[in-house]
Amino acid sequence: MAKLLVLHGPNLNLLGTREPEVYGHTTLADIDQALASQASAAGHAVESLQSNAEHVLVDRVQAARDDGTAFILINPAAFTHTSVALRDALAAVAVPFIEIHLSNPHTREPFRQHSYFSDKAVGVVCGFGADSYRYAMDAALLRVSAT
């Protein structure tokens, strides 16, 4: 059984009510529940964490190096465009990760079109709303099952 870690960045706790025309009506609790069911059905465990604080996410990524985490799914949200610290933590722990976005950042404002994570990620899933998480989990489960 592999352990997967799902990290949600700032403002994702507001999913379902924040700009639903951009991010949809699905809540973060709904997403986490669906991911837990998906991982469990494949015989794996998942832990989810949302934080609006960069240092909390950095601390959790650093802990992943020693706690048996096999794969990370991360939606850095606004930190996508600003967080060298989170990028450096992911690079330092060397746990493979997939970058996730509900919307497609490439179709949004210019400042949202640069990611500090994409070049380090195994892959990027974006633009499919809450399904972006499901597709990323599918890919992660295939990878951990192959090892």
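For all residues, glycine too, the Cβ spot is worked out from N, Cα and C.
Taken verbatim from Swiss-Prot:
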type	residues	note
ACT_SITE	Tyr23	active site, proton acceptor
ACT_SITE	His101	active site, proton donor
BINDING	Asn75, His81, Asp88, Leu102, Ser103, Arg112	substrate binding site
SITE	Arg18	site 'Transition state stabilizer'
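Positions of the features from Swiss-Prot, shown on the structure.
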residue	record	contacts (Cβ under 8 Å, 6+ apart)
Arg18	site 'Transition state stabilizer'	Asn11
Asn75	substrate binding site	Leu7, His8, Gly9, Leu12, Glu99, Ile100, His101, Leu102, Ser132, Tyr133
Asp88	substrate binding site	none
Residue with minimal Cβ packing [other Cβ atoms within 10 Å] among the recorded positions His81, His101: His81
Coarse DSSP state, helix versus strand versus coil, of His81 (substrate binding site): helix
Cβ atoms near Ser103 (substrate binding site) (within 10 Å, other residues, all chains): 17
In three-state DSSP terms, the structure that Asn75 (substrate binding site) belongs to: strand
Cβ neighbours of Leu102 (substrate binding site) where a neighbour is any other Cβ within 10 Å: 24
